[in-house]
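K.L.:
According to TrEMBL, the record shows the following:
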- 10-138: domain '1-deoxy-D-xylulose 5-phosphate reductoisomerase N-terminal' (DOMAIN)
- T16, G17, S18, I19, N130, E132, G214: NADPH binding site (BINDING)
- K131, S157, E158, S185, H208, S221, N226, K227, E230: 1-deoxy-D-xylulose 5-phosphate binding site (BINDING)
- 152-238: domain '1-deoxy-D-xylulose 5-phosphate reductoisomerase C-terminal' (DOMAIN)
- D156, E158, E230: Mn(2+) binding site (BINDING)
- 270-388: domain 'DXP reductoisomerase C-terminal' (DOMAIN)
Amino acid sequence: MSASIQRQRVCVLGSTGSIGTNTLDVIARHPERYDVFALSAMSRVDELFAQVMRWQPRYALMPDAAAARQLRDKLRDEGSRTEVLDGAQALADIAAHPEVDSVMAAIVGAAGLAPCLAAARAGKRLMLANKEALVVGGALFMQAVQQGGAMLLPIDSEHSAIFQCLPEDRSAWAQRIDHILLTSSGGPFRTRDPATMREVTPEMACAHPNFVMGRKISVDSATMMNKALEVIEARWLFDLKPEQVRVLIHPQQIVHSMVVCRDNSVLAQLGTPDMRVPIAYGLSFPERIESGAEALDFHALGGLSFEPPDHARYPGLALSWAAMAAPEGSTAVLNAANEVAVAAFLERQIRFDQIHQLNEQTLAAVHPEAGDTHSLEGLLALDQRARAHAQQLARGLAP
Ligand SMILES: NC(=O)C1=CN([C@@H]2O[C@H](COP(=O)(O)OP(=O)(O)OC[C@H]3O[C@@H](n4cnc5c(N)ncnc54)[C@H](OP(=O)(O)O)[C@@H]3O)[C@@H](O)[C@H]2O)C=CC1
Ligand SMILES: CC(=O)[C@@H](O)[C@H](O)COP(=O)(O)O
Ligand SMILES: [Mn+2]
């Protein structure tokens, strides 16, 4: 390590989840570089307790007061000096804390938007896994990054791949890119008989072929709503027109995405499917550090295949471009509907094939109003309206 490298104080939001634990795995490999300043969880008190005992952060955050009280009591019994904060505002406050250098945004869903905006406005190194925050926040989010002088680093594997294919000088991006190709595994039902989709259970939908992830993103991968959200995420991260973002199914997930340049040269980033690679890059950019991921063994690769997405099998994918073409704020509506639909499916209140029905109908019915997208409060109110509509629809659907 060069003597000039400064230690980073890192706040890991959503530390008990799949991205959160992978982040701590990478951090553990580099004790000379990183200090864990704050950790957060929603309801898994025992998991957060174990992390706090291991990392001894300054703060542990739990939005729910009762869960925070449990954690506080457990830590007090152990003589821990970590301060436990509760309430959603604490997430934003600590993300913007003057002593924090870097924020890993690994909360799932629109709940991550407020702390992301706070970190962006405070000019942090913002490592974004929480794609829903950008899908909901859109222009407001990117404006906060620019005005706050934040360094926005994509963690989503496809977006990290695109970022790794592009020069560090962002002003050169527009001139270089013709379009980008986001790759997708196609999820666990790529070859399943479409007539049997109504029989899919949460366990089947969460069995992703290549990654162990949280339940919400796993279901999104199965419907390809994950890719629909990623198309919108890419549009904002790389300042592209919606038609410049395309999707290609690549079941092996070795090629993590590609940039097609103006001259038709294609740049790709490859590697074993392991989220510690994009996480390590986010933590160390512009340098590279050891991630813990296995090296790609080209001799052992069976072959790489690519196919166009079948829109009849994955009707949700097209909603991405539909929402981007609709009035501003429609992507927030789509995201809210999808969060409600996935939660209802995981609770066995609606069928797998009804997720799309609910998303499509909510997008058609809930219309953003002028000004909704101009502030966090406006976006959250729009999100609530869309959720209420989707919940009403869900109640009317028989599983
Ligand atoms: N997992 C992956 O490989 C990838 C994930 N992503 C994205 O990263 C984000 C996180 O995904 P993943 O790690 O899989 O999700 P998980 O469900 O595994 O983890 C989510 C984390 O957020 C916390 N959390 C959940 N709801 C709230 C809330 N309302 N307020 C505050 N905290 C909350 C959870 O706490 P608790 O544990 O207590 O429930 C947990 O720490 C998602 O946006 C996902 O799309 C992107 C690319 C890859
Ligand atoms: C690891 C990651 O970034 C996930 O978004 C994952 O790639 C899901 O892939 P699919 O949605 O293509 O199955
Ligand atoms: Mn992804």
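The backbone N, Cα and C atoms fix where each Cβ goes, and this holds for glycine too.
TrEMBL: automatically predicted annotations, no manual curation.
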K.L.:
Of all the binding-site residues given, S18, N130, which has the fewest Cβ neighbours within 10 Å once its own Cβ is left out?
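P.N.:
Selected from the binding-site residues S18, N130 on minimum Cβ neighbours within 10 Å: S18.
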K.L.:
CA-CA, which of the binding-site residues D156, E158, H208, N226, E230 lies nearest N130 (NADPH binding site)?
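P.N.:
For N130 (NADPH binding site), the spatially nearest of the binding-site residues is D156.
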K.L.:
Just to be sure I understand: of T16, G17, S18, I19, D156, G214, which binding-site residues have a C-alpha no more than 10 angstroms from the C-alpha of K131 (1-deoxy-D-xylulose 5-phosphate binding site)?
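P.N.:
If one measures from the Cα of K131 (1-deoxy-D-xylulose 5-phosphate binding site), the binding-site residues that come within 10 Å are D156.
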K.L.:
Mind checking how the domain 'DXP reductoisomerase C-terminal' (270-388) divides into helix, strand and coil residues in DSSP?
P.N.:
65 helix, 2 strand, 52 coil
K.L.:
If you check the binding-site residues E158, H208, G214 one by one, which have a CB less than 6 Å away from any atom of ligand 3?
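P.N.:
The binding-site residues passing the 6 Å Cβ test are E158.
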K.L.:
Among the binding-site residues D156, E158, H208, E230, whose Cα is within 10 A of the Cα of E132 (NADPH binding site)?
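P.N.:
Neighbours among binding-site residues, in sequence order: E230.
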K.L.:
Among the binding-site residues T16, N226, whose Cβ has the fewest other Cβ atoms within 10 Å?
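P.N.:
Ranked by other Cβ atoms within 10 Å, the binding-site residues T16, N226 bottom out at T16.
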K.L.:
For D156 (Mn(2+) binding site), which of the listed binding-site residues (T16, S18, E230) have their CA atom within 10 A of its CA?
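P.N.:
Among T16, S18, E230, the ones whose Cα sits within 10 Å of that of D156 (Mn(2+) binding site) are E230.
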